[in-house]
Every structure is written in C-alpha cells, then in structure tokens.
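**Q** Okay, so TrEMBL annotates it like this:
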ACT_SITE  Asp12  active site, proton acceptor
ACT_SITE  His40  active site, proton donor
ACT_SITE  Lys138  active site
BINDING   11-17, 39-41, Arg332, 358-360, 443-445  GTP binding site
BINDING   Asp12, Glu13, Gly14, Lys15, Asn37, Ala38, Gly39, His40, Thr127, Arg141, Gln232, Thr247, Arg330  IMP binding site
BINDING   Asp12, Gly39  Mg(2+) binding site
BINDING   Thr326, Val327, Thr328, Gly329, Arg330, Pro331, Arg332  substrate binding site
REGION    116-136  region 'Disordered'
Amino acid sequence: MTVTIVGSQLGDEGKGGIVDLYGDDVDVVARYQGGDNAGHTVVHEGEEYKLSLVPSGAIRGKVGVLGNGCVVNPRTLFDEIDTLQNRGLDPDVRVAERAHVILPFHRVLDGIEEEVKSETDDEVGTTGRGIGPTYEDKAGRRGVRVGDLLDPDVLRERLEYVVPQKRAVVEDVYGLDVADLDDPDALDVDALYEEFREFGRRFEAEEMTVNAGAFLTEAMENGQNVMFEGAQGTIIDIDHGNYPYVTSSNPTAGGAAVGTGVSPGVVGGGEVVGIVKGYLTRVGSGPLPTELGGVVGDTPGYDEQGEGENEDLAHYIREEGGEYGTVTGRPRRVGWLDMPMLRHATRVSGFTGLAINHLDVLAGLDEVKVGHTYTLDGEELRSMPPRTEQWADCEANLRRFEGWAEFDPATVASEGYEALPENARTYVEYIEDELDTPAYAIGVGPGRGETIVRESPF
Ligand code: GDP
Ligand code: IMO
Ligand code: MG
C-alpha cells in the first residue's frame with residue numbers, strides 16, 4: 001500500500017520527522033516534486049539530519065526515489081549522499097530518468113529575477129535554488145532531463161539549444177554581462193557539458209537511474225510498502241497556494257501520482273496524511289492573516305521590527321520552535337493556526353489522517369489562539385478565497401483556547417495520548433473535529449521518540 005505525506009500549510013510542518021516515524025513499515029520512500037529547496041529534518045538518538053534531496057527514509061536505510069516530478073541538482077544530490085556516507089549511512093537513491101535537471105544557469109536566473117522584483121518589493125523570497133526557472137524550462141519543452149545526462153549526443157544537443165537562449169535573457173532582457181556573473185561558466189556549453197556528462201557517468205556507474213513509475217509499481221507488486229514524501233506545503237502549491245507567492249510544483253496529493261508515474265487510484269487507495277504544525281510559519285513573502293508580528297524583508301509592508309504583545313509572542317514561538325529556515329537560515333514568520341487554510345488543504349488532498357506537530361512549543365503559554373474563520377467584506381468564510389489579494393484582506397476571527405503547562409516530551413510520548421495535558425487534547429480534538437480527520441500522530445518534540453503515535457497508517 002501507499003502512504004502520502006503532504007504539508008498542509010506553508011512548508012516546514014515536520015514532514016521529514018513523520019516520514020522517519022513511520023519509516024519502519026516502509027520499503028521505498030519517493031519524493032514526487034520540488035528539489036533542493038526542501039529542508040527535511042530527522043532527529044534520532046541525538047543526531048540531526050537535514051535533507052534537501054535524499055528522501056527521509058535514508059536514515060532508516062530505506063530505498064529512496066526522486067520521481068519524475070522532482071527537479072534534481074546533481075551537485076546537491078551527490079554532496080548530500082557523500083555527506084550522509086561520511087556520517088555512516090549508506091543512502092540508496094534512485095532518480096527518475098524523466099526528472100528535470102537544475103543547471104547552474106537556473107540558479108543564476110532565479111537570483112536575477114528576484115533581484116529585479118525586489119526593486120518593487122515584489123520578490124517571492126525564493127530559496128534561490130533555481131527551482132522556478134527549471135520548471136519553466138520543463139513546461140517550455142527546453143529542459144534537460146536526468147536521462148539526457150546518460151547520452152552524450154543528446155546532452156550536447158539540448159545544451160546547445162537552451163544555453164544561447166538563456167544567455168540572451170541575461171544579456172538582452174536583464175542587460176547584464178555574462179562575464180560579470182559570479183559563475184560565468186553557468187552559461188558556457190562546454191563547461192556545462194563536461195560537468196553534467198560526468199554526473200551522468202556517476203549515475204550510470206552507480207545504477208541510480210530508473211523509470212520511476214515502473215520501479216514503484218514493481219515494488220508494490222512484490223508486496224512492498226511505498227511512502228510518497230511531499231516537499232513544501234499546500235499554500236505554496238503552484239495551483240492551490242497563494243500564487244504568485246508559491247513554489248513551482250504541486251505538493252498536494254495529486255502531485256504524488258503525476259510526479260511518480262503511479263495512477264491516481266494508487267495514491268487515493270492508500271492513506272494521505274496531512275502534516276500540521278500546531279501554529280504557522282512562513283519563509284518568504286505573501287499574506288498571512290493570522291501572522292503575529294512580522295519579519296522585515298518578508299512580511300509585506302513591514303519595514304521596521306515592531307513592538308508589542310504579538311511581537312513578543314512571535315519572538316517567543318520562533319525561539320522555542322527554532323523557527324529559522326533549514327535551507328536558508330532565514331527567520332520564519334510566525335502566526336496562529338489558520339483553520340480556513342487547513343479546511344482548504346484537507347479538501348484538496350483528501351487527508352485520511354493528520355500528524356499535528358510542535359505542541360511542545362506552545363506549552364507554557366497562557367492562551368493559544370486559532371483563526372477559526374475569516375471575515376471578508378462583511379461575510380464569514382470557512383475556507384480560503386482563491387484570490388491572493390482577497391486572502392490578504394481576510395480578517396481572522398480568532399478562537400481562544402486555554403494554554404497548557406510544559407511537560408516532559410519523552411514521558412508523554414511513551415505514556416500515550418492520555419498523558420498529554422487536557423488543554424492540549426482539547427486543542428487536538430478541535431482540529432480533528434473541524435477537519436473531520438483523526439490525528440494519527442502528535443509531535444511533542446523533534447526526535448523520533450518525541451511523538452505520540454495513536455495509529456499507524458500502514
Ligand atoms: P519539513 O520541511 O516539513 O520536514 O520540516 P523542517 O525540518 O523544515 O522543520 C521542522 C522543524 O521542527 C525541524 O527542526 C524538526 O526537527 C522540528 N520538529 C518536528 N516536529 C516537531 C515537534 O513536534 N516539536 C518540536 N519542538 N520540533 C519539531
Ligand atoms: P520544505 O519541504 C518552506 C518557499 C520559499 C519561497 C517560495 C518559493 O522544507 O517544507 P522556491 O525556492 O521554491 O522557488 O521558493 O517557497 N519554500 C519553502 N518554504 N519550506 C519549504 O520546503 C520551502 N520550499 C520553498 O521560501 O517563499
Ligand atoms: Mg523544511
């Protein structure tokens with residue numbers, strides 16, 4: 001069977017930890033979208049692993065697949081594999097031949113476009129990893145796929161077609177001189193060919209490339225369990241998120257079928273677990289109706305760090321939760337849980353279960369609030385409106401919950417749900433009721449042993 005792990009909010013909900021939690025029952029973990037913009041953390045026995053591309057099952061020695069829906073930067077992939085090997089792991093990663101390759105000029109273009117947009121405060125605040133430009137080339141039918149790295153003639157032909165176009169964009173559209181770029185080789189066909197052909201040889205030598213759909217189907221026919229590991233989250237999904245402040249792929253459950261080559265029935269026939277952070281964080285720009293305080297440079301219209309009760313709360317939660325970007329180190333924006341957002345996410349992906357994380361971070365507060373509904377133009381909304389500007393105008397109607405005292409996470413995790421403070425259980429049950437979905441797991445700390453497991457989706 002399959003279990004699909006989906007971020008229900010804006011990324012960083014603790015997906016990596018939940019993949020690891022249930023990983024014992026899994027044979028193969030497949031990523032279906034995104035690239036090294038992801039930063040998934042697994043903490044076990046005092047060791048912390050931050051994974052950008054290698055699927056999180058690697059910590060338990062499970063086979064990892066990067067599906068056709070992913071964009072793969074081989075520099076990052078091999079660095080990450082080498083680093084994990086140096087830490088004593090032996091990651092077995094297979095890469096779809098249909099997945100697209102992030103080339104150095106994609107990062108260059110990501111940086112240039114953000115720079116240009118920042119002149120009018122319109123930047124998305126991307127991770128700078130070249131994700132958007134790579135998906136653009138995929139849709140524009142001028143991308144280089146992993147399979148192309150295996151065939152010298154095809155690789156050269158593809159590069160000779162695409163590189164002059166990119167050079168023209170840099171020079172003629174943005175008026176920059178390629179020689180002045182930090183990495184002028186990023187637009188040199190010969191240099192790119194040499195480097196990426198070498199990656200192709202390593203893929204071949206280590207027998208890493210696969211036809212992802214066929215590989216996964218065969219695994220399932222042999223009785224193996226497959227987990228689909230979503231990256232990012234629903235509200236930064238290019239279709240269902242708050243466009244244009246989004247990533248360029250589909251983290252929602254539909255992406256798991258398209259991005260790996262199994263049928264929608266396979267994904268829908270399994271479980272889909274929505275990962276919920278007990279509050280909200282966001283890296284990058286865009287609205288956030290339940291935001292507490294703000295982060296200069298990311299929160300729209302926020303020029304100077306403010307003061308006040310909400311700022312103190314945001315600061316407190318950020319420090320308690322260690323809310324700094326896994327990939328970029330940027331401080332994450334913080335807000336209360338947003339139920340209209342979660343109702344939208346639940347509908348789009350059809351969650352069959354939830355994992356609600358970070359309840360330990362909220363412990364010790366006198367009260368905890370959630371945005372229960374929105375008011376927009378005098379009307380009450382229970383879900384997110386499709387227009388980003390309308391979402392920005394939504395006022396959250398807050399519902400207040402009594403806080404809960406600090407507790408020992410390992411003890412609560414081992415004793416089970418009833419050991420969680422009563423007010424925290426009230427909070428969990430409110431979320432379950434509103435979304436009509438049971439919480440399978442409750443995170444009370446970053447470690448594998450700091451999660452209350454109520455049910456396994458397998
Ligand atoms: P992902 O991108 O969804 O995998 O999440 P990240 O790894 O980017 O961010 C989640 C952070 O919270 C990581 O540092 C995790 O180790 C940590 N974490 C996950 N679950 C919990 C939890 O229940 N409590 C606490 N305190 N930290 C958690
Ligand atoms: P994980 O998998 C949080 C955000 C960026 C930016 C927007 C577009 O760790 O949850 P991109 O580089 O993808 O073009 O940036 O999306 N973003 C994430 N935010 N967690 C992530 O991944 C993210 N990946 C991208 O901050 O706002
Ligand atoms: Mg992350």
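Numbering starts at 1 and runs along the chain as it is shown here.
Heads up, the Cβ atoms here are built off N, Cα and C, so glycines get one too.
Walk me through where these features lie, including what they touch and how far apart they are.
**A** In the three-state DSSP scheme, Asp12 (active site, proton acceptor) falls into the coil class.
A sphere of 10 angstroms centred on the C-beta of His40 (active site, proton donor) encloses 27 other C-beta atoms.
DSSP assigns Lys138 (active site) to a helical segment in the three-state reduction. Within its own chain, Lys138 (active site) has Val71, His100 as residues 6 or more apart in sequence whose C-beta sits under 8 angstroms from its own.
Under a cutoff of 8 A between CB atoms, and with a sequence separation of 6+ in the same chain, the neighbours of Thr41 (GTP binding site) are Gly14, Gly16, Gly17, Glu48, Tyr49, Lys50, Leu51, Thr326, Pro446. In this structure, Thr41 (GTP binding site) is part of a beta strand by DSSP.
Long-range Cβ neighbours of Gly39 (IMP binding site) (same chain, at least 6 residues apart, Cβ-Cβ under 8 Å): Asp12, Lys50, Leu51, Ser52, Gly325, Thr326, Val327.
With a cut-off of 8 Å between CB atoms and residues at least 6 apart in sequence, the same chain places Gly125, Val283, Val295, Asp298, Tyr324 near Arg330 (IMP binding site), listed in sequence order.
Listed as Cβ neighbours of the region 'Disordered' (116-136) (distance under 8 Å, sequence separation of 6 or more from its ends, same chain) are residues 34-37, 71, 73, 76, 100-110, 143, 174, 244-249, 283-286, 297-298, 300, 325, 327-328, 330.
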**Q** For each of the binding-site residues (Val327, Val444), count the other CB atoms lying within 10 A of its CB, then report the residue with the highest count.
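**A** Top count of Cβ atoms within 10 Å goes to Val444.
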**Q** Listed recorded positions: Gly14, Asn37, Lys138, Gln232. Which have a CB under 6 angstroms from an atom of ligand 1?
**A** Gly14
**Q** State which of the following binding-site residues has the fewest other Cβ atoms within 10 Å around its Cβ: Thr127, Gln232, Thr326.
**A** Thr326
**Q** What are the other residues, in sequence order, whose C-beta lies within 8 angstroms of the center of the C-beta atoms of Thr326, Val327, Thr328, Gly329, Arg330, Pro331, Arg332 at the substrate site?
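**A** Not counting the recorded site residues, we get Gly39, Val283, Tyr324, Gly325.
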**Q** So which of Thr127, Thr328, Val444, listed as binding-site residues, have a Cβ under 6 Å from an atom of ligand 2?
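**A** The qualifying binding-site residues are Thr127.
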